[in-house]
Amino acid sequence: MNVGTAHSEVNPNTRVMNSRGIWLSYVLAIGLLHVVLLSIPFVSVPVVWTLTNLIHNMGMYIFLHTVKGTPFETPDQGKARLLTHWEQMDYGVQFTASRKFLTITPIVLYFLTSFYTKYDQIHFVLNTVSLMSVLIPKLPQLHGVRIFGINKY
């Protein structure tokens, strides 16, 4: 028996999306966002779907592809300090179940949004640009790449 040792991850960011119930909670949070936006009077259904998609993708971009480091004091001696949450997830292994889920979710939301906006040109362009802004950083070829030095430090 090891007294005084903890059984935890070196970096908790690596396994947070593999926790029990996190996928269901994520989908329910998107649904709750949509219901809250639907409750705003005088806002049409297509606008609500577009807002749901844009807010979701903006949050995903900020939390997964912009914020770097960990909110915890980790014993990894700063290895995760320069990595985004997406790069830390599953220890950087590509094509895991969590990464696939987080890649497919904005695509499904995009299809739903396109359908409910009846493929209106303005909504379609906004939603497509939003989708590309969260899908392109997820590509394995862009792992650790900082385009034009943005978010380098």
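Positions of Cβ are set from backbone N, Cα and C atoms, glycine also.
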| Are GLY69 and HIS143 on one side of the membrane in Swiss-Prot? | yes
| field | Composition by DSSP (helix, strand, coil) of residues within the topological domain 'Extracellular' (118-121) | value | 1 helix, 0 strand, 3 coil
| Rounded mean pLDDT for the residues that make up the topological domain 'Extracellular' (118-121) | 96
| query | For the topological domain 'Cytoplasmic' (143-153), what are the DSSP-based totals of helix, strand and coil residues? | reply | 3 helix, 0 strand, 8 coil
